[in-house]
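TrEMBL has this to say about the protein:
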- 2-119: domain 'PROP1-like PPR' (DOMAIN)
- 19-53: repeat 'PPR' (REPEAT)
- 54-88: repeat 'PPR' (REPEAT)
- 156-190: repeat 'PPR' (REPEAT)
- 191-225: repeat 'PPR' (REPEAT)
- 226-260: repeat 'PPR' (REPEAT)
- 261-295: repeat 'PPR' (REPEAT)
- 296-330: repeat 'PPR' (REPEAT)
- 331-365: repeat 'PPR' (REPEAT)
């Protein structure tokens, strides 16, 4: 930095006039080392020397001030930038948005938008909506989205998708469904991913009537459901105890252009087992094998838990042994389920042996493992006790209800 300054001063002494590029380099350098006041001196010097700052120069100076958390000076410089007819770009708004969010002053975003209203097009609105959504500022993002909706005839697909994801993540399903219903008004055809996003949110909140109505609308108006749609619906109906509806959706999947995958079977088995239809769950387990699907750790863990909860301990143990024989490695959740099953049935010695096997496999016990061990040591073998939901239940349903996670799997 010191050497750069020496070259810069030597340049001026030898009557080689710095231009806007020279000053921009110096401003960037001083901004990066945390000296925004020096950056501002250089910027003002550039103005007095009749250099005309371009977009890069303004952005560099705004970033230097933002790094110094100088919100008021950022806004003042932005206003000067707009006065000089220098059009802000997405980077400009990004820097300003981030410093406003960091300083808890997002209310000043209205001032920024008013200053640059002649430049506020659909693309900028969409960018701000996406960025605010990613930063977790749902209300601000929704307000901006509504402004964009009011002022522009055509919508932006990415902005709509970001808004849907944000509303759903915050449990605002009524607003999400309303957006999905009206999106065609802005020239955007809702796609399957949009529907899946809303289905997932409705399923997590057990809003089954809305889920059912939206599914009927999708089948009537399009787009076509995909395998992720069916998986979300099966898991959602299962979570709400609507076994017949889950089976019906599974059968629709079998008769559609899509075909069930392992997540489809896991969702149905989980639904049947957790709602007391253990025989049919076991039948579906055999069916998936007949159709060429290899049960995974989720399949086995779900069935082991279901058998364990109905005191069919021998069957749970046989499934665990079959799992090992098939080369499917149990995880800590599987061990916890079987440990809990053995402890509750009073089979202390087997539980201790299973814990030893868990350690031999190099798995790390978690809080649930230690809770079961504590009960073993206390000699408490009550058949009825208040128990936290086994993590496998949340894992299976969470995976099936989240379209992105399911797609990744």
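Each Cβ is built from the backbone N, Cα and C atoms, and glycine gets one as well.
TrEMBL: automatically predicted annotations, no manual curation.
Residue counts of the repeat 'PPR' (331-365) by helix, strand and coil are 26 helix, 0 strand, 9 coil (DSSP-based). When Cβ-Cβ distances below 8 Å are used as the criterion, the repeat 'PPR' (191-225) is approached by residues 160-161, 164-165, 167-169, 171, 173, 176-177, 180, 183, 232-233, 235-237, 239-240, 242, 245, 256-258, 401-403 of the same chain, each at least six residues removed from its ends.
Per-residue pLDDT, averaged over the repeat 'PPR' (226-260), rounds to 95. Residue counts for the repeat 'PPR' (296-330) under DSSP, split into helix (H, G, I), strand (E, B) and coil, are 26 helix, 0 strand, 9 coil.
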